[in-house]
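The following features are taken from Swiss-Prot:
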- Pro3: N-acetylproline (MOD_RES)
- Lys14: N6,N6,N6-trimethyllysine (MOD_RES)
- Asn123, Thr173, Lys177, Arg295, His327, Ser379: substrate binding site (BINDING)
- Lys175: active site, proton acceptor (ACT_SITE)
- Lys201: N6-carboxylysine (MOD_RES)
- Lys201, Asp203, Glu204: Mg(2+) binding site (BINDING)
- His294: active site, proton acceptor (ACT_SITE)
- Lys334: site 'Transition state stabilizer' (SITE)
Amino acid sequence: MSPQTETKTSVGFKAGVRDYRLTYYTPNYKTKDTDILAAFRMTPQPGVPPEEAGAAVAAESSTGTWTTVWTDGLTSLDRYKGRCYEIEAVTGEKNQFIAYVAYPLDLFEEGSVTNLFTSIVGNVFGFKALRALRLEDLRIPPAYSKTFIGPPHGIQVERDKSNKYGRPLLGCTIKPKLGLSAKNYGRAVYECLRGGLDFTKDDENVNSQPFMRWRDRFLFVAEALFKAQAETGEIKGHYLNVTAGTYEELLKRAHCARELGVPIVMHDYLTGGFTANTSLAHYCRDNGLLLHIHRAMHAVIDRQKNHGIHFRVLAKALRMSGGDHIHAGTVVGKLEGERDVTLGFVDLLRDDYIEKDRSRGIYFTQDWVSMPGVLPVASGGIHVWHMPALTEIFGDDSVLQFGGGTLGHPWGNAPGAVANRVALEACVKARNEGRDLAREGNEIIREASQWSPESAAACEVWKEIKFEFEAMDTL
């Protein structure tokens, strides 16, 4: 008899409330290659043993509820239940533990990040027995990851499409983020692209507002892009934000972008939702569009150390749902991001096989079994003086995006783009010659500025600008 129909009459039904740990805490369990594994940072309420708290997490995120129900006898709970198989105390923290939970693969719909998250980070996060709960990491088994298409194209295909190799790509978010007319917006795009940038970008706030409707923006941006391409001989792109209030409207905008012949569109994947994002990724793969992903709203979810979801989990979810770029912090700019933590999830985005490394916050070995990689985007409060550090930290397979660091140049957008391109080329050349970017970075930028007045002006404007605040999310 199948597990779905078997009835355990021999056991009988005993109504009442049982401790979760009697069923869901299984310290002798040996995890399977097909299990989805989760690491939760949990802070139990006073008086709640960690074993009971960990078991409650496993129960409430899988088959359990607060009381025994007679329909438990109509299925095989041993087959479907989540299991808390290990608990460890967090060093230096009082009453805080890492609970490791294994979930059988049958609990989750194939190819659906939405269903995965609904279970694992659903109602359990409001459970009263826990003061706080944070999902630190997930291990996605190959048997499950192969049910997703992942990024529409991936790093190598993007390199081949753009014919750009051996260096990071350069981008810029058009500012002011709101208020420009479509024609002035298109002019700003043109100036940046002709100055030497590879990409320009819609701000995540830009959708289709009264001051600039989406179709007008698309038309003026496409004109600017093709004009810059013709003048420079380089392939250019602009991230046209197709995020919309309905999926039907989103798809209409993506279709218009494809008809205009632009190479890339953009989506706000957290505010837009995983279902819409996965559908858009499928559309982009089928229609030859690259997909840039912005993470607006992520800090609401991931910034607090004790509660929420760590960004490394959101990054893994995005790689499965689909995106060719995603914003990943800068380490050196104005936005949150500790170096070791950031490089940990950058590797999870780009690499095929990532070993467990607790020093970088990676709780599980992750094998993506040849799923295409995602380019991390460094963006937020960066300028020419940051270029050596960014090149050294992120390497070639990245997008370095300077918004204010381009458009804030005293001579205008095109000189700002020139300054950033000169700085990048100088850093790549110095690195390839064996120079130490971390130690000699400022000297390398000064040397390049001798031959570029645009770079010299940028260096003078931003020489005193620093964002030196301690990161909230540390190991």
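Residue numbering: from 1, along the chain as shown.
Glycine too: its Cβ is placed from the backbone N, Cα and C atoms.
Overlay of Swiss-Prot feature records on the structure.
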residue : record                       : Cβ contacts under 8 Å, 6 or more apart
Asn123  : substrate binding site       : Glu60
Thr173  : substrate binding site       : Thr200, Lys201, Asp202, Asp203, Ser379, Gln401, Gly403
Lys175  : active site, proton acceptor : Asp203, Gly403, Gly404, Leu407, Gly408
Glu204  : Mg(2+) binding site          : Asn241, Thr243, Asp268, His294, Ala296
Arg295  : substrate binding site       : Asp268, Tyr269, Leu270, Phe311, Leu314, Leu318, Ile326, His327
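Neighbours of Ser379 (substrate binding site), defined as other CB atoms within 10 A of its CB across all chains, total 24. Sparsest Cβ environment among the recorded positions Lys201, His294, His327 (other Cβ atoms counted within 10 Å): His327. Long-range neighbours of Lys177 (substrate binding site) (same chain, six or more residues apart, CB within less than 8 Å of its CB): Asp203, Asn205, Val206. Asp203 (Mg(2+) binding site) falls outside any helix or strand according to DSSP and counts as coil. Classification of Asn123 (substrate binding site) by DSSP places it within a helix. For the recorded site, Thr173 (substrate binding site), the DSSP three-state label reads strand.
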